[in-house]
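Novice: Got these off TrEMBL a minute ago, pasting:
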DOMAIN    132-466  domain 'RCC1-like'
REPEAT    148-199  repeat 'RCC1'
REPEAT    200-253  repeat 'RCC1'
REPEAT    254-306  repeat 'RCC1'
REPEAT    310-363  repeat 'RCC1'
REPEAT    364-415  repeat 'RCC1'
REPEAT    416-482  repeat 'RCC1'
REPEAT    483-518  repeat 'RCC1'
Amino acid sequence: MDATTSGTPTIQYHNIPDQSGTAIAAASVPTFPRQVRHCFGDSSPGEFPLAANPSIVLHATCSFFRRPANFTPDYELSISELAALDICQKRAIFKPMTDEECQNLKRKCGGSWKLALRFLLAGEACCRREKSQAIAGPAHSIAVTSTGVVYSFGSNTSGQLGHGTMEEEWRPQQIRSLQGIRIIQAAAGAGRTMLVSDAGRVYAFGKDSFGEAEFGVQGTKLVATPQLIESLRDIFVVQTAIGNFFTAVLSREGRVYTFSWGKDRKLGHQTEPNDVEPQPLLGALEDVPIVQIAAGYCYLLCLACQPSGMSVYSVGCGLGGKLGHGSRMDEKHPRLIEQFRLLNLQPMVVATGAWHAAVVARDGRVCTWGWGRYGCLGHGNEECESVPKVVEALSKVKAVHVATGDYTTFVLSEDGDVYSFGCGESASLGHNTAAEGQGNRHANVLSPELVKSLKQVKEKVVQISLTNSIHWNAHTFALTESGKLYAFGAGDKGQLGVELMNNQTERVNPERVDIDLE
């Protein structure tokens, strides 16, 4: 069948004369006057061609689809900068900032919204800010739900549970006086609790002192319900950290302030142990944005976010080499830990134990340093390390989180596996070797070992918290992706949130706490 009979029209071919490329190029091309279109017609911001700037294009698109762009057009921003600014504006701590505060943050982060966004996200990741979290304090515990509701349980000799009494609680109890206040971060010290709200306010209860040692003489006044810290009213706080003899807070702009423990200018300023006024941490960090702070026994670590990358500064007592500078000397002002640059390592999370410290890097490596007693550094021995050293036994594990306590360390992998090492006292490492017929369940562990008991949970673990105290028996929390909380270790004061039977003082295997943090 041919094309004619099938009803298909005949294709017409035309002869195209041969032309050289030069002739084609020389042929006259009609020109048309450029039509200039404007985003807002004759109204402000003025006469700008539609394609002159990505910001204008985005505003025009939003206007066309009758949806607001939600920000004033900036004629110098690229699309990537606009996207970063848009994401910044969705962060809870960024929303209430004034235009001037936003610009100051951008300047401090290096003059870019992308760098400002990195700063905000890094802080959220380090502290689980605005997410559910559990804090294993010295003999008492704090749990925060994803909606900011706070529960407490355990020892209450100083009113540190915040319920208005001095009675122990063996089951999680909601702090009723905080209704209507969303809490985004919590810290627990010996006989003291501090909470940070989404409005940047700090509430404290328990021992009424910022500088009390665990068995000190200060803080004779006890506060049994959450009280707003008036001296911090003009500082928008996003994180608190309670160390021995001092307290530190981190502002939204990345500035560090400390209370107490300034005698002899140990932290670069002179204060008394009962001082209630925050003092800015001076020296190298005065104009460096900090995303996380971690407080140990008389020392402080600060994770910095700069245009050149992430870095760690340390200040305070250098005993055991825990400041990471290759010596045991004290530092009165924050000093950069140079070893991370030599290791080509970008720190992303810092943790401080009583006498040792740890870092997780962007590539998943784990570094530890300080006093290696009981094997808490994970290097297979009990030697001290005065500079950060990579834990080689974890070379095949990509870590995302690390937690440290009194001579104990936990590492959480990307897959949700948990490894622990160090002091096995109180069964807080989670290695129930005695039940398997392999020996003492309180044995010390010199190298990282998989916590097999947490594999029985059959859920991905997203946070580990353990007691950081040299005077209290330790306990440990494991929080899963779905908000389930598991506890093990010492529970003689009710700090596990589970009942112990037959004169038990500890729980060897992880047990579900009756609370849903999601």
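Glycine is treated like the rest: Cβ placed from N, Cα and C.
Small disclaimer: the values here were computed from a predicted structure and weren't measured.
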Novice: Provide the three-state DSSP residue tally for the repeat 'RCC1' (310-363): helix first, then strand, then coil.
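Specialist: Here the numbers are 7 helix, 25 strand, 22 coil.
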Novice: Report the DSSP secondary-structure composition of the repeat 'RCC1' (148-199) as helix, strand and coil residue counts.
Specialist: 3 helix, 24 strand, 25 coil
Novice: Counting Cβ pairs closer than 8 Å, which of 148-199, 310-363, 364-415 has the most of them with the repeat 'RCC1' (483-518)?
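Specialist: Out of the listed stretches, 148-199 contacts the repeat 'RCC1' (483-518) most.
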Novice: In the repeat 'RCC1' (483-518), how many residues does DSSP put in helix, strand and coil?
Specialist: 0 helix, 18 strand, 18 coil
